[in-house]
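Trainee: Let me begin by handing over the structure; questions about it come next.
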Amino acid sequence: MRFFIDTANVEEIRQANELGVICGVTTNPSLIVKEGRDFVEVIKEIASIVDGPISAEVISLEHEGMVKEAEKLCKIHENIVIKIPMTEEGLKAVNILSKKGIKTNVTLIFSAAQALLAARAGATYVSPFVGRLDDIGKDGIELIAEITEIFDVNAIETEIIVASVRNPIHALQAARIGAHIATVPYKVIKQMMLHPLTDKGIETFMKDWEGSELKL
Ligand code: E4P
């Protein structure tokens, strides 16, 4: 399983990119608004940092508008992937865009039926949201297992991006199932790096070293 970072904050993206653990970025309208900067400028800057798929989401709710916005966003950089909401209009837009060779990421997926339809409409990626399902008392990771099985059995090439990842356990469970990608906030990447025994071990090594006469 590969990692994308789920943020529109260029500083976080820069820091995660330096770790060498991410190979793509996902944004959404809420994340863009949080930055308080021009949409196109933010996407352009992200594309200059990460050499991989960058999801930028359309705002229109009808398919003609989605296609128009997609064509504009695509011109920003060759790595732009158009994020489209999982609606009837969204599927129409995905169908048109896939025929034009434009990559899409169908977002706000909460059922395997939605994922299957999005894949058949020609989506490059589908984004099932685990955290938001957990929030309403459903098992988000169970949905990932179901979609993974359906895509495997049917030899579907659309990749699964596990989204709405809230903690390291979500990421590990997704990896265990064999999801293709997890898009994770920077906070979760940092949580994944940490272990109290690592810190304690470093502290002990340093104390022992400083108490000795040895030099490197
Ligand atoms: C994915 O592409 C979305 O941007 C994101 O994962 C949503 O996460 P949230 O449910 O924590 O807002």
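Using N, Cα and C of the backbone, Cβ positions are placed for all residues, glycine too.
Residues or ranges marked as active site, schiff-base intermediate with substrate by TrEMBL: K83.
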Trainee: Helix, strand or coil: which one is the residue listed as 'active site, schiff-base intermediate with substrate' in, per DSSP?
Mentor: strand
Trainee: What same-chain residues, at least 6 away in sequence, bring their CB to under 8 Å of the CB of the residue listed as 'active site, schiff-base intermediate with substrate'?
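Mentor: Set apart from the residue listed as 'active site, schiff-base intermediate with substrate' by at least 6 residues yet with Cβ under 8 Å, we have T26, T27, N28, S55, A56, E57, V58, T104, N105, V106, T107, S127.
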